[in-house]
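Annotation comment: TrEMBL describes 56-78, 90-112, 187-206, 218-239, 260-282 as transmembrane segment.
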Amino acid sequence: MDIKGVVTTPPMPLPPQEVKVVNAVNVSVVLTPKEIYDKLVAAGVGKTTMRLDKQIAAGVLAGLYIGFGFTTCMLVGGQVPKLAADYPGLQVFLFAGFGFPLGLTLILLGGADLFTGNCNYMVLAWIEGRCTVLHIVRCLTISYFSNLCGCLWMGKMMVYADIFNGTKKNFPISAAQKKCSYTFGRCCAKAIMANWLVNLAVWLAVSANDFNSKYLGVWLPISSFIALGLEHCIANQFLVPMTIMLGSGMTTAHFIRKNLVPATIGNFIGGAGFVGVIHSFVLSDSFDKLYGLFTGAWNRISGKKSEDGASSA
């Protein structure tokens, strides 16, 4: 067949197709500060509806995990006296970098419930009007004493397992005695800075979407907190009672009076005030509303006092 005379026409182009994105994924590496803030508020709100038995179990777990972390750093960085004498900075780095970050990482990723973190969570939820003061008191009380149970349990297991046998017990005993030698004010100041850094570690961990970033976020502030020799009331609930079991010669009353009370007060101020309140002031309008309520109430009280004084005159 002769096809030379056949005229062919090119095919018509297809109309442009609309590209649809299905199941779009947020690829942001870290959350924004406001997104972190909102997640922490939601965490605080979630604790108000947590079943009592679950919260107790989660609190005991937190105490156990703190014990694992603290024991690890004392067995790694605490058993090198020659290094501490010759290169104290290197020994501090070794002591701070191994162990304690493990404890907080296990708590954050394992669903445990830590008192010092709740100081921040619950105050944020309260500022946002999502919980009451009674919720704060209930949550902090349950987590504090369930953390204590976990710490005592882990301390007893460490002693029974003879983890700090022989001269290994010298370091934890010396550390515990030092912690109970501070004045009330100094211990409280150290505790404020400690929970400031602990809750910044929580802040950084929450900002990340993958394990490596979360661990790095925990490691940086926690290693600083340990290197600075600050005071964490829950960690001390593990350390000091364990050293009493090891024969340090200290008493429970001495520990409570010289360390546990000021450390607890300082930790609350650090977590609730220096992290919770300040970040709320920076990132949320709810703080301004709350401040307005307080100032309005104060002005009404002050005005009433002025009127009463004028009428009596």
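Including glycine, each Cβ sits where the backbone N, Cα and C put it.
It should be emphasised that the depicted structure is a prediction, and the values quoted were computed from it without experimental measurement.
Here the transmembrane segment (90-112) has Cβ contacts under 8 Å with residues 58-59, 61-62, 65-78, 80, 83-84, 198, 201-202, 205, 211, 214-215, 218-219, 222-227, 235 of the same chain, all six or more residues outside its ends.
Where the transmembrane segment (56-78) meets the stretches 187-206, 218-239, 260-282, the count of C-beta pairs under 8 angstroms peaks at 218-239. Beyond its flanks by at least six residues, the transmembrane segment (260-282) meets 33, 37, 115-120, 122-124, 127-128, 140, 144, 182, 184-185, 187-196, 198-200, 203, 231-233, 236-237, 240 of its own chain at Cβ-Cβ distances under 8 Å.
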